[in-house]
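Student: One structure coming up, written as structure tokens, with questions to follow.
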């Protein structure tokens, strides 16, 4: 019987203890990506910079801002942001609505007129101003942020960088989801002893997750999995084991939503091997398997569900 390493047991226990937190965190990330698809990290930085640079609210919209006072940051609820964008999109379909004037500032007379119309439509959408749960300041701040993010999106689209940035965000999101699924599945694999689970827990990090590329911009087609050249056959097998365990535990609706994955050997990941990669997880380990690793592999093979 293999001796269980104390460090691996501790690592395993910590991994299992935090997996539920990772589920909640991953769900939050998915919601954020969906709600902010048109936004990106640079846009957010621009927004924060814009807010920091504000020295006070103007006395009237369209007039220069007053100086000497620091503007308090306005918190905008996600529902307010989404409603404003939905209303703006509906207005954009009308011939008499010209939308933002990007060549002017957000506080220009023209854009302030746009704000007034959008604000009235928001009130109408929620059933009247008296039923609106958001303040004027929150609606105006949501309008300002949407102006900035839309302006940045247009700039990136014109320069050809927006689509690349959107693809990068989606790939990072899929890697995080994959890591969460496998971490949750580690607890569900009943025929692995603590020693083996501890070893697998060591490689349940972002560095060991293969990237997935979508063949469609809307992420609705097949995902093509990149091959990690330094990954050992043992690591591949144990990943597949985790994936099967997660799939078995998933509900019917979750399985219906899942997208087919296809691995293509000719599509190679350029990611380098981590410096602290365990020997059993690397290709070089295939050349000289130790008895301990063989025992682990036999345990894995002989106890398949």
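Each residue, glycine too, has its Cβ placed from N, Cα and C.
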Student: Which range is it, out of 53-76, 77-100, 101-124, that shows up in TrEMBL as region 'Disordered'?
Tutor: 53-76
Student: Would you mind telling me which of 209-238, 239-268 TrEMBL tags as region 'Disordered'?
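Tutor: The range carrying the region 'Disordered' annotation in TrEMBL is 239-268.
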Student: Suppose you had to name the range TrEMBL annotates as region 'Disordered'; which of 136-156, 157-177, 178-198 would you pick?
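Tutor: It is 157-177 that TrEMBL annotates as region 'Disordered'.
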Student: Can you count helix, strand and coil residues in the compositional bias 'Basic residues' (167-177) using DSSP?
Tutor: 11 helix, 0 strand, 0 coil
